[in-house]
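Engineer: I have a structure here, written as structure tokens, and I will follow up with some questions on it.
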Amino acid sequence: MKSLMAVTSFGFGLFLFINATTTMYHGPALVLDVNQDKIFMEQDMDVPVPVASISKLMTEYILFEYIESGELNWADSVKVSKEAAEKEGVRVNISEGDRISVHDLYMSMLLPSANNATAAVAEHIAGSETIFTERMNEKAQELGLLHSRFVNSTGLTEARGESNVMSARDVATLAHALITEYPQVLKDTSKPSYVLEHFNERIQTTNHMLTKPGLAFEGLDGLKTGFTDAAGYCFVGTAEREGQRYITVVLGTPHFDSRFVETQKLMSMAFNEMYIPSLDASIVTLKEARHTLWN
């Protein structure tokens with residue numbers, strides 16, 4: 001097992017290590033103190049790895065840019081293409097030719113991490129997912145994400161085997177930008193479920209820290225899950241208590257709920273409290289596993 005080390009700076013360059021360790025899994029991980037803009041702990045934070053639906057943080061960020069500029073409105077109607085409707089993995093109940101509001105697609109991207117909704121947003125903004133992906137890579141450069149490369153808007157593994165890759169540091173940087181520039185996202189990611197206007201159908205979050213008592217953490221209000229065979233089980237968490245906020249990143253954990261258990265450990269250390277494992281923290285029913293297979 002590796003030990004997660006605490007560091008005192010969020011910038012690139014030299015780091016001063018302090019005496020704070022914990023037993024962790026072997027994947028990249030990081031804790032960011034949002035208030036001080038400093039990395040609190042890290043493990044292999046600059047190693048680029050597949051990140052699956054964590055990629056949707058970038059899609060969300062670009063969507064918010066378009067909303068803020070007035071180029072898009074939440075109530076705008078989006079016509080769903082055949083290509084978007086047929087995306088594999090998790091989907092919401094939309095078909096080719098359906099017209100869905102930007103807001104319904106956004107919530108479908110946030111909570112169940114629907115790939116067809118995400119692709120529909122990308123196509124609506126840029127005209128095609130390919131052009132939107134170019135914008136994702138441009139924005140990554142603008143944000144200083146040095147170890148990130150996007151091949152699609154969803155995080156799915158391409159037929160030729162390519163995946164979106166990011167480092168834990170890049171993920172934390174992107175998450176920090178998203179929640180500080182567009183804090184509305186936290187009001188939405190903190191919802192365990194939401195009723196879509198188009199279908200009058202309730203969608204559920206894939207974030208079990210909001211829905212399973214054994215995985216809960218006080219103050220946690222986001223942010224994004226991800227899973228593919230290439231990426232493993234990933235989670236970006238964020239929590240705030242008494243004005244202090246942290247972002248955690250865990251990438252490539254081996255089991256369905258292990259990403260949330262590792263997040264509990266990191267958050268407990270960040271907020272200086274004892275981590276006490278829950279007896280039911282790792283219990284996932286077959287139905288749950290099937291429902292969230294790609295997240």
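Using the three backbone atoms N, Cα and C, a Cβ is placed for every residue, glycine included.
Taken from TrEMBL, the feature domain 'Peptidase S11 D-alanyl-D-alanine carboxypeptidase A N-terminal' applies to 27-253. TrEMBL lists S53 with the feature active site, acyl-ester intermediate. Sequence annotations record features per position, and here TrEMBL assigns active site, proton acceptor to K56. Residues or ranges marked as active site by TrEMBL: S113. As annotated by TrEMBL, substrate binding site applies to K224.
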Engineer: About how far apart, in whole Å, are the alpha carbons (Cα) of S113 (active site) and the residue listed as 'substrate binding site'?
Structural biologist: 8
Engineer: With DSSP assignments reduced to helix, strand and coil, which class does S113 (active site) get?
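Structural biologist: Going by the DSSP assignment, S113 (active site) belongs to neither helix nor strand, so it counts as coil.
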Engineer: Around the C-beta of the residue listed as 'substrate binding site', how many further C-beta atoms are within 10 angstroms, looking at every protein chain?
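Structural biologist: Around the residue listed as 'substrate binding site', other Cβ atoms within 10 Å: 31.
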Engineer: Quick check for the class: what is the C-alpha distance, in angstrom and rounded, between the residue listed as 'active site, proton acceptor' and the residue listed as 'substrate binding site'?
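Structural biologist: Rounded to the nearest whole number, the Cα-Cα distance is 8 Å.
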Engineer: Any idea what the Cα distance is from S53 (active site, acyl-ester intermediate) over to K224 (substrate binding site), rounded to a whole Å?
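Structural biologist: Given the Cα positions, S53 (active site, acyl-ester intermediate) is 8 Å from K224 (substrate binding site).
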